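In TrEMBL this protein carries:
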TRANSMEM  29-56  transmembrane segment
DOMAIN    44-293  domain 'G-protein coupled receptors family 1 profile'
TRANSMEM  63-84  transmembrane segment
TRANSMEM  104-123  transmembrane segment
TRANSMEM  143-167  transmembrane segment
TRANSMEM  197-228  transmembrane segment
TRANSMEM  240-264  transmembrane segment
TRANSMEM  276-295  transmembrane segment
Amino acid sequence: MANQDWKNETVVTEFILLDFGNSPELNSLLFMMFLSIYFVTITGNTFIVVLVVAHWRLHTPMYFFLGNLACLEICYSSNILPRILLSHVCGDRHISARGCFTQYYFFGCLAATECYLLAVMSYDRYLAVCKPLHYPSHMDTKLCLQLGAASWVSGFLSNSILTFLILNLDFCGPNEIDHFFCDSFAMMKLSCSDTQVVGFVTSITAGLCSLPPFLLTFSSYLYIIVTVMRIPSATGRKKAFYTCSSHLVVVILYYWSILAVYVLPYHNTQKLPNKVFSVFYTILTPLVNPLIYSLRNKEVREALQK
């Protein structure tokens, strides 16, 4: 009873994000770097959305999914980077408990949605490259809308369960989160409740949201690469292989970092590697996706020029 009274009297109402440290020189460098990344990310992805909507030649399944991915990356970056920039400018690393849970909810939803979208995009490219004669009948407008909607709905539903479990944990101090955003495992380490079940469910859910889409994506690109290698023209084969390999590298880096952080047992994860891995899928992936998936395509460059 005394322990319960102590918990009730010291309920945490706000958290402190420790970020990457308090060095003034490091803060200035990180602020300029993250500001540049955020500006390029928002600008590049916004251009893609505008081009896909405005240019009729981009009204195809591939660019429909690219537009969805660009919208997702805008939301993804805006959920995390502005808070980081504010902490480096004002030095205020406090965030309310409600704001922290909200940030985690949208982060988890968008991360799961991106896994599904990348799988859908790889399947679309598989049909276009490996089965071009059947592509128009298979990937019609109705199926595009269904796949796009299913990716968003599945992503938001999957993380709703985890957010509910974390909301029911007791936080009674300390309140310093050793991370640059409100991550599930970082918050669980501060809970005075038993987090074994929540940690296990988090790893299982992360595995279900990432492993099947990764296997589908990886298999699709393997089939694409095999088909590309059969192209008679050396120039065409080199160009197609270069594009597919670039996509595959980005996908592997994204999934590898997520699996390393969330699917491994959370009590064995290390703080510094987790931060490094988290930078890959929260900051760098939204930055490079527009360059890899869109701005290098001939149709996008022509639409941008017009």
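Numbering starts at 1 and runs along the chain as displayed.
Cβ atoms are placed via backbone N, Cα and C, with glycine included.
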Surrounding residues of the transmembrane segment (143-167) on its own chain - C-beta under 8 Å, 6+ positions past either end: 61, 64-65, 68, 101, 104-105, 108-117, 120, 184, 187-188, 197-198, 201-202, 205, 208-209
Mean predicted confidence [pLDDT] for the domain 'G-protein coupled receptors family 1 profile' (44-293): 84
